[in-house]
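Visitor: Can you read through this structure? Questions will come right after.
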């Protein structure tokens, strides 16, 4: 009876004030669609997935996609929360997965830079290019948060977190809020005491240049040159662009990217030079097997590939050591013997470079 009585509420025009609106009146589920345009407040236990979907003419797939915490069996529906009942239909898509394979033997040559993962939970409307977050705790106020993350302003904080009102009401404990976007100055990067520039026995010691923006954990503490990752960047493309360091060096300076380079994040800064790193391409050898004088050698060849090779293959997008060896019916051990620089886990396979697939 509850379902049938609820379903006729819109016809009778007796929906209670404040039950639904453009903004939620209660907490939302973690992962709620950030593009949600209308919310329903679950004010009592009469609500079920079935009657909500019927009332708002929703498919179960859409309702669960917009409110992941509800769960497919509807066991997550709880009184006191607000659920999304209207959002752009194009947003009902599966979470994209990385092109890089989870298998160490099948890692692709060039995972591209991707956006950093979004913490959860967040309120709706959060800016999509946020690079720094703060989890609100009991007692937090906008003033306290702004003071902690100077030099951001109240206007910026509310612009990045539009679910907050101008008087900062709507700040929810346990939720994440944006406190930085690309280009936002970061006080911790410039707050190093001047005395550290002359500490120790080295009178010529200097403070290392601070990264001009967000960085990942573990970055080399003696980094002197930086690169901001943009769409389409891969580890291989950075090596080709600068030509002053090896893949092993880049991963050593930026360990968070991972050996398969799948952790390269858009708009983050990466170390591309430490003391002693050449500053021009001409300062280091080109990444080809220049020691070989074999006539008809293709170019460019995989660094370290054997000279006595009878057959070459140019690496294409999406190929892996495993797929190449299957195609040419050779063993993975023999392939790595002919192309030692691809590495143990094959992360050194370079896009559009030639690899040896047949020894003499």
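Heads up, the Cβ atoms here are built off N, Cα and C, so glycines get one too.
The compositional bias 'Low complexity' annotation in Swiss-Prot covers 94-113. Positions annotated as domain 'LysM 1' by Swiss-Prot, on the basis of sequence analysis: 37-85. Under the heading domain 'LysM 2', Swiss-Prot lists 132-179, citing sequence analysis as support. Marked as domain 'LysM 3' by Swiss-Prot: 225-272. The domain 'LysM 4' annotation in Swiss-Prot covers 311-357 and rests on sequence analysis. Residues or ranges marked as N-linked glycosylation site by Swiss-Prot: 129, 204. Residues or ranges marked as region 'Disordered' in Swiss-Prot: 94-125. Positions annotated as signal peptide by Swiss-Prot: 1-21.
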Visitor: Taking DSSP states H, G and I as helix and E and B as strand, how many residues of the domain 'LysM 4' (311-357) are helix, strand and coil?
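Guide: Grouping H, G, I as helix and E, B as strand yields 18 helix, 8 strand, 21 coil.
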Visitor: Taking 10 A as the limit, how many CB atoms besides its own sit near the CB of residue 129 (N-linked glycosylation site)?
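Guide: For residue 129 (N-linked glycosylation site), the count of other Cβ atoms within 10 Å is 13.
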Visitor: By DSSP assignment, list the helix, strand and coil residue numbers for the domain 'LysM 1' (37-85), in that order.
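Guide: For that range the per-state counts are 17 helix, 8 strand, 24 coil.
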